[in-house]
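Q: What follows is a single structure, and I will ask about it in a moment.
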Amino acid sequence: MEPENESVPEDAGNQLMLRVERPVYDERFLRTKLLHRKEDNTTFCQRLADRFRCSSVRVKAAALSFLPILTWLPSYPVKQYLFSDVISGLSTGVVQLPQGLAYALLAAVPPVYGLYSSFYPVLLYTLFGTSRHVSIGTFAVVSLMIGGVAVREVPEKSFVLPINGSNSSLVLNEEALNARRVQVAVVLTTMVGIIQFVFGLLRFGFVQIYLTEPLVRGFTTAAALHVVISQLKYLLGVKTQRFSGPLSAIYSVKAVFSKVALTNVPSLLLGLVSTVFLYGIKVLNERFKKKLPVPIPGEIIVVIVSTGASYGLLLSEKYNVDIVGEIPTGLRAPTVPDFSLVPNLIPDAFAVAIVGFSMTISLAKTFALKHGYSVDGNQELIALGLCNFMSSFFHSFAITSSMSRSLVQESTGGKTQIAGLLSSLIVLLVVLAIGFVFQPLPQTALAAIITVNLVGMFKQFRDIPSLWRTSKIELIENTHHDDVCY
């Protein structure tokens, strides 16, 4: 409408006037224009053939979707990104190495298998993953779940042998025990990979929206408590049976304290010193993260110093301090898992698959939002499935992303998964050439590394007051998972 001049005040010339014209839409217009659909005269067979018709455009789109590395590697800005990725990869690698050794203890397998799990999956995720900042590899919660299954399926009592035919003197056949538990962990990992891959193909990435934050945080907090309890025997240097199933935490604490009088003092002192040192480094890294070019690598410092002390002071020979022991040099040939174990592991495989995916997608979305790119939940499922399935043939156990390593990779300037690739090469160097150097590493130092890395999860207990004020249902959901996670 045109403004009427006679109705405008005299001072209107000093005002800025704006005229907005909007068309009026009626129901007839919407029905004929916006909701109009062209008639489709094609038959079902024609539509089906068109759906599966192969063309260069479709092949390219499928390749870029299945191999996300092809979308960014050809245009990788070497001058801007390479130096940052190298620094980030080296920093992440020196953290990934001790964590791989440590989390193998949680998975109830020899430490070298933690190194395998820190190499193969990381290499594969570089090709198939959509996140540029998550660090794939061993993780405490998933490792604990695997260890619980391995201990349940392969109890120690099945490998206790009499000496010289006398039942009065018994000895544990550790070599056979470890070999069988490795088989269980590998088969479980194969199943986890298949489940995640199939879920990805079926576009089940949307399930992550139903994994509420209180549920995930409650589960990881409860698991962290069980992890710390499982490490008490290593910190004290006592040997106890490992328990699984309901009330396993209570049984573990009871077993440890029943042998507290047998505490190995050198192990306890070394573990306490390592714990205090690592916690101090963690506080310093957090307080001065804006001033430090890279975080102080507390874990690798503890590994080097404790290994040197163990070797120089002969802690294993003189003081019976438990050490990592033999680390075979080189990669092992691929083998086919023992699928006869599958029927007993199906529920556990689904649980590990869902927990592993929920941890990865939550971290991936956090970093993607911060740095302005997108991640695909379905492709992440496919990537994790391929990482677990293919790596299981090379003696790896199930993996997911690690919060502590991902923060290191991101905070040290990592731009792409080239940083993750470089971190895996550091692990490969240790496996191929210098693994023997870490054989005198005390297990109590690894227990300290595990314990301190879970400090952040225990801070999630602060959620309880806020959940109480906002939603009693979410609070009950949170504490319920704290009670039943074994």
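Including glycine, each Cβ sits where the backbone N, Cα and C put it.
Annotations for this protein, taken from TrEMBL, read as follows:
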type     : residues : note
DOMAIN   : 82-475   : domain 'SLC26A/SulP transporter'
TRANSMEM : 101-127  : transmembrane segment
TRANSMEM : 134-151  : transmembrane segment
TRANSMEM : 182-202  : transmembrane segment
TRANSMEM : 214-236  : transmembrane segment
TRANSMEM : 256-280  : transmembrane segment
TRANSMEM : 292-314  : transmembrane segment
TRANSMEM : 349-369  : transmembrane segment
TRANSMEM : 381-398  : transmembrane segment
TRANSMEM : 418-438  : transmembrane segment
Q: The transmembrane segment (292-314) and the transmembrane segment (182-202): do they have three or more Cβ pairs under 8 Å, with pairs 6 or more apart in sequence?
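A: These two segments do not touch.
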Q: Per-residue pLDDT averaged over the domain 'SLC26A/SulP transporter' (82-475) comes to what?
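A: It averages 87.
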Q: With Cβ distances under 8 Å as the criterion, find the stretch in 101-127, 134-151, 214-236, 256-280, 418-438 that has the most pairs with the transmembrane segment (349-369).
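A: If we count Cβ pairs closer than 8 Å to the transmembrane segment (349-369), 134-151 scores highest.
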Q: So which of 101-127, 134-151, 214-236, 381-398 is most in touch with the transmembrane segment (256-280), counting Cβ pairs under 8 Å?
A: 214-236
Q: If you count Cβ pairs under 8 Å, which stretch among 101-127, 134-151, 214-236, 292-314, 418-438 touches the transmembrane segment (381-398) the most?
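A: Top-ranked stretch among 101-127, 134-151, 214-236, 292-314, 418-438: 101-127.
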